Amino acid sequence: MIGTNVIRRNANFLQVIKSYYQLTKPRIIPLLLITTAAAMWIASNGQVDPVLLLVTLLGGTLAAASAQTLNCIYDQDIDYAMLRTRARPIPSGRVRPLHALIFAIILAVLSFTLFVVFVNMASALLAMSGIAFYMLIYTHMLKRHSPQNIVIGGAAGSIPPLVGWAAVTGDLSWAAWALFAIIFLWTPPHFWALALMIKDDYAQVNVPMMPVVEGEESTVEQIWIYTLIVVPFTFILVYPLAASGIVYTLVALVLGGMFIYKTWQLKQNPLDKDLARSLFKYSILYMMLLCTGMVVDSLPMTHEMIAAVGDNLNTLVSLIPLH
């Protein structure tokens, strides 16, 4: 009997831990961390301090988890109204809103403290600004009131590379703001592809996402426009900023070409949810691989290999007889 009670208590404890973990929407966080890490690698010329990297990513994780938890508290009414989200911790009754608020505050305080003590004040303030912008501007002011909610609100998701850059340098350069702009421009096609998939859910709770207000065809047209803007804009890191080189250029060309192709497919069939799902999934892969390209391009080893290839080519050219 005692053993059974212990097992039950352990199971209940694990269920509580799982519920609080779910409040943070953990599937969203890795992409934010990847953009943070990419900025740190570029800012450090491929020689980022591993301890600084780990501390910054941990602080970023805590800040993002706090923001998502606060979002769950604010949106508990629409989460309960939608069948897809009714099982989330707060609408299902597994976590009380007050307890979730305390949890979110603890996460934010830990994040801020970690940044201030082990990184710098600039990164700490930027991380907190991300939480504030996400909650006040996107969640409170825009999400339920404007079909342009994700366009402006996307700035919150664009802050992580600023945090990463500031963690390394203590300030922000044009390259840091270029990374911010790339993610800002990428967010609408990424999120609207998702909104096309779950349009009915948003309509049910009167959230004016673009597909609900303007319809699928207009939304896809906007996705097409933003894609045609963001893909060429990614090359600003190469010229004129010279923050990235040939490896990143090749990666951005291939990934951008596929991004445009998938958006074009959806443009031909704007009502096709499978194509919207395919674009949504690819947009995640696109950003992950684009950031990976930034990291690889920044490494000293990459520069040495490119220089060696260039020297070998020059040697071969010099051996060609001229007549």
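Note: Cβ is positioned from N, Cα and C throughout, glycine not excepted.
Quick look at what Swiss-Prot lists:
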- 28-48: transmembrane segment (TRANSMEM)
- 50-70: transmembrane segment (TRANSMEM)
- 99-119: transmembrane segment (TRANSMEM)
- 122-142: transmembrane segment (TRANSMEM)
- 150-170: transmembrane segment (TRANSMEM)
- 178-198: transmembrane segment (TRANSMEM)
- 223-243: transmembrane segment (TRANSMEM)
- 244-264: transmembrane segment (TRANSMEM)
- 279-299: transmembrane segment (TRANSMEM)
- Message: Using Cβ distances below 8 Å and needing 3 or more such pairs, separated by at least 6 in sequence, tell me whether the transmembrane segment (28-48) contacts the transmembrane segment (122-142).
- Response: no
- Which stretch from 50-70, 99-119, 223-243, 244-264 shares the most C-beta pairs under 8 Å with the transmembrane segment (279-299)? 244-264
- Query: Apart from its near flanks, which chain residues at least 6 from the ends of the transmembrane segment (50-70) lie with a Cβ under 8 angstroms of it?
  - Reply: 23-26, 28-29, 32-33, 36-37, 40, 100-101, 103-105, 107-108, 110-112, 114-115, 118-119, 123-124, 127-128, 130-131, 134-135, 139, 156, 160, 163-164, 167-168
- Message: Quick test of the contact rule: Cβ under 8 Å, at least six residues beyond the ends. What residues does that give for the transmembrane segment (150-170)?
- Response: 32-33, 35-40, 42-44, 48, 52, 56, 59-60, 63-64, 67, 115, 119-120, 122-123, 126-127, 129-130, 133-134, 137-139, 142-143, 176-177, 179-181, 183-184, 187-188, 191-192, 195, 209-210
